[in-house]
Amino acid sequence: MVQTPSEINTHLKHLLACDAYKLSHRLMYPNDTTNLYSCLTARGGRGGFPNFVWNHEFAKKIILEVFGNFCDSVLAVQNDPGLAQALTDKVTTVFGDPQFGLEFTQHICYLANFLKQHHQLPLTVKIHQSSEGLAFRTPLVTITGSDQMVPELVWLVNYFETVLLENIWLYQTTLTVAQSLKLLLERYANETADNTEFTHFQCHDFSMRGMSSLQSALYVANAHLQYFSGSDTILGGVAAKSILASEHSVMCADGQEGELNTFKRLLEQFPNKNLSLVIDSYDMWHVLDNILPQLKDLVLQRQEKLYLRPDSGNFETLICQGKRFNPEDKTTWGVIDYLDYHFGSTVNQKGYKVLNQKLGIVYGDGITYERIEYILEQLKQRGFCSSNIVFGVGSTTYQNLNRDTLGFVYKLTAIKKGNTWHDVTKSPITDPTKQSIGGRFDNPNLIQVYG
């Protein structure tokens, strides 16, 4: 049976936003367990980053939202027999055990009585303050039982692992990736430009259509916008900026024979706005060498900048061919060479060429950190300033991230049996990189947000 997320009961989504095995763990801890202490951290992963970026406020909002929704749904189970039965049926179906399903629902009702008396979960949560350069294996979120904890509810400490990781790792990983892109752009700006202010707009978020869900797209856009000002994910942040831009459906509307008219019409229609036009719907080199020169006066009369966007081809040669360039051989020219030839450029204080201020390049086809670095290095070798190009960073970068990029994990680090705490450390002999940190953490950078 096919089921979309919107068809699932909202309360069940809040109650069961976890891996199935979490429901059984309340039965598995030692009988004398009176408390647990768990920690979310990034242990280092496959991204090759020396450190990572962490945002306290985002993690706090996620945790408080998850806890709030969970508590509301727990109370709803007690007040709605139909919902209680639906919960029992769902758990029974998953585990094939009616008694297990019934007992889980009864346990949720026990928690509801606790919430009515204490008005919050018996948990204390601390979150590390924000940082742009944290060391891996730093405790980021700690959760333990509060003074109100009772043995029957100890399982709650680890119950939220799945939903917290699911909602935290992508945003924080995107922050780290966006920071690395910003630092790369600033490096080339410092080498070739008169200032670095333009780098705030030099990576534009193109990722929404390639993300796995609207929620993922919003997390990525919001994180991207902590370092850049541009995103085409309109809902992704309160300060997202974009410009008017065409796509192939617009550029092909008049057919190839009417391509000159298409460019002319759009330039005349938007003379006072920043405008981005796709140039490779047919023959990009014809556009650069014939159509745009015919419209030169229209381009130069504009009040704002015209951005030209190639959307296909070999990234190694498309924008600039580096030292292969031969002014007498147009097969060695890239996009920037045609624009320089037909519209001119100036030389900045560092001796690098800056295209006519009415023109720029946008390139967003399969963009990665490595491709950006390659293109900027080629431009530098040819004597062009890095400000001549804006990159569209899409799902090739942001959808290729996963939890292992930075190694986000949530692990039990201490257990209290009776009145005594014991450190807990996972240390698999088959993979030393998965060794967990152990103990409880008295870190002044951990700020209490719940309990």
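For all residues, glycine too, the Cβ spot is worked out from N, Cα and C.
These come from Swiss-Prot:
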- Arg209, His248, Arg309: diphosphate binding site (BINDING)
- Asp232, Arg309, Pro310, Asp311, Gly364, Asp365, Arg403: beta-nicotinamide D-ribonucleotide binding site (BINDING)
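Structural mapping of features recorded in Swiss-Prot.
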| residue | record | CB count, 10 Å |
| --- | --- | --- |
| Arg209 | diphosphate binding site | 11 |
| Asp232 | beta-nicotinamide D-ribonucleotide binding site | 21 |
| His248 | diphosphate binding site | 12 |
| Arg309 | diphosphate binding site | 23 |
| Pro310 | beta-nicotinamide D-ribonucleotide binding site | 21 |
| Asp311 | beta-nicotinamide D-ribonucleotide binding site | 18 |
| Gly364 | beta-nicotinamide D-ribonucleotide binding site | 21 |
| Asp365 | beta-nicotinamide D-ribonucleotide binding site | 19 |
| Arg403 | beta-nicotinamide D-ribonucleotide binding site | 16 |
Candidate binding-site residues Asp232, Pro310, Gly364, Asp365, Arg403, pick with smallest Cα gap to Arg209 (diphosphate binding site): Asp232
Distance [Cα-Cα, Å, rounded] between Asp365 (beta-nicotinamide D-ribonucleotide binding site) and His248 (diphosphate binding site): 14
Proximal residue to Arg309 (diphosphate binding site) among binding-site residues Asp232, Gly364, Arg403 (C-alpha distance): Gly364
Pairwise Cα distance for Asp311 (beta-nicotinamide D-ribonucleotide binding site)/His248 (diphosphate binding site) [Å, integer]: 10
Residues within 8 Å of the Arg209, His248, Arg309 Cβ centre (excluding the diphosphate site residues themselves): Glu247, Val278, Asp311, Gly364
Rounded distance in angstrom between the Cα atoms of Arg403 (beta-nicotinamide D-ribonucleotide binding site) and His248 (diphosphate binding site): 35
Top Cα neighbour of His248 (diphosphate binding site) in the set of binding-site residues Asp232, Pro310, Gly364: Pro310
Farthest-apart CA atoms of Arg209, His248, Arg309, residues recorded for diphosphate, distance in Å: 18
